[in-house]
Amino acid sequence: MSFTTISVIGLGYIGLPTAAAFASRQKQVIGVDINQHAVDTINRGEIHIVEPALGNVVKMAVEGGFLRATTTPVEADAYLIAVPTPFKGDHDPDMAYVEAAAKSIAPVLKKGALVILESTSPVGATEQMAGWLAGMRPDLTFPQQAGEQADVNIAYCPERVLPGQVMVELIKNDRVIGGMTPVCSARASALYKIFLEGECVVTNSRTAEMCKLTENSFRDVNIAFANELSLICAEQGINVWELIRLANRHPRVNILQPGPGVGGHCIAVDPWFIVAQNPQQARLIRTAREVNDGKPHWVVDQVKAAVADCLAATDKRASEVKIACFGLAFKPNIDDLRESPAMGIAQSIARWHSGETLVVEPNIRQLPKKLDGLCTLAKLDAALAAADVLVMLVDHDEFKAIPGDAVHQRYVVDTKGVWR
């Protein structure tokens, strides 16, 4: 069965680019999202997120009649579910969005349909999703019931793209295809090959789920090593960025760069899925998460020390000291604030500090709710002119272009080594 109509459930940072990629190949694409604002924005040919090159692709797809958005699922040949999978307070995965998405498409499923889960998920999630679908559609057969002869094919195919480069990497990167059966994998591969230039690498759904978690846990462990080095170097009076530069001259050493912590919807979340299912075995992965989650507290302590130094060297009162935090996103040059350590740091500073806390984030127009009323969103030049203490949290290009003399004779906490 060919794929004439494709539906993408969840039109966020992954779902919308995926929908746009299919639509750019002149496939009929129906995007589904519960956010009415996002739906209306897309149907105007505009985008509600920041991602280079995405806006033009969406505009052309909508104008060409290949992409439309709605809040209610409709019948399609293939469904791709790209909804959030956060963790709960106890770090157990929260599959509520996936369950809701699956149950929303169940009434419109037809024989021959393909359902792909893209959301980062714990091992076994694809089989669980298939169970939800089967429970709502006893008139259809699914892979866990009928194997290769199932009416509906199901696969797990995780994304592996870098925010800020999504429209390139979505097409160029290899794709892991984890079907519940070989037929499921073959059909999922055929779907992605509509736009994919990379290779479709086939496995089973459980291995594909674990592969995504493994990739991000590997990165988290390596970042934790760099972050722990930064704590040690601060204690020993050593420039950690110089140290890493020198150590990386060893032909078999490649240490990553430290920062204020780890954020985003993948690296800061996915390792907990492994830990939750394997608490006795995943000791290193848990420790890495704890190291990275602890880094923001250390940064706040450095800011408190900088304010104390400022007070000791001037005649200002604490309420007269202005602190400027540079960056809120979880990585450079994007507007995505999910799980951002910079957000938590800015919030902690503003709650502790009796003076004004300025925030500079060039990729947003208004502060998120958790900072509204605590901080002041400021322009770059205004913050540089007004602040006594400068806190570098995200190395956006605009910040890296700041000349050294602009921060001269200020109290600086630089978590990214931009002003070293």
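Quick reminder: no glycine exception, Cβ is built from N, Cα and C everywhere.
Note that the coordinates shown come from a computational prediction; the quantities given were computed from them, not determined experimentally.
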Worksheet, complete the sentence: Of Gly263, Gly404, the one that Swiss-Prot places in the same UDP-N-acetyl-alpha-D-mannosaminouronate site as Arg160, Val161, Lys212, Asn216, Arg219, His250, Arg252, Phe330, Lys331, Lys416 is Gly263
Worksheet item: Say you check the Cα of Asp33 (NAD(+) binding site) against those of the recorded positions Lys212, Arg219, Arg252, Cys266; which is nearest?
Response: Cys266
Worksheet item: How far apart, in angstrom, are the most distant Cα atoms among the NAD(+)-binding residues Tyr13, Ile14, Asp33, Thr85, Thr126, Arg338?
Response: 24
Discussion item. Tell me the coarse DSSP state (helix, strand, coil) of Arg219 (UDP-N-acetyl-alpha-D-mannosaminouronate binding site).
Written reply: helix
Worksheet, complete the sentence: Between the two most distant Cα atoms of the UDP-N-acetyl-alpha-D-mannosaminouronate-binding residues Arg160, Val161, Lys212, Asn216, Arg219, His250, Arg252, Gly263, Phe330, Lys331, Lys416, the distance in Å is 30
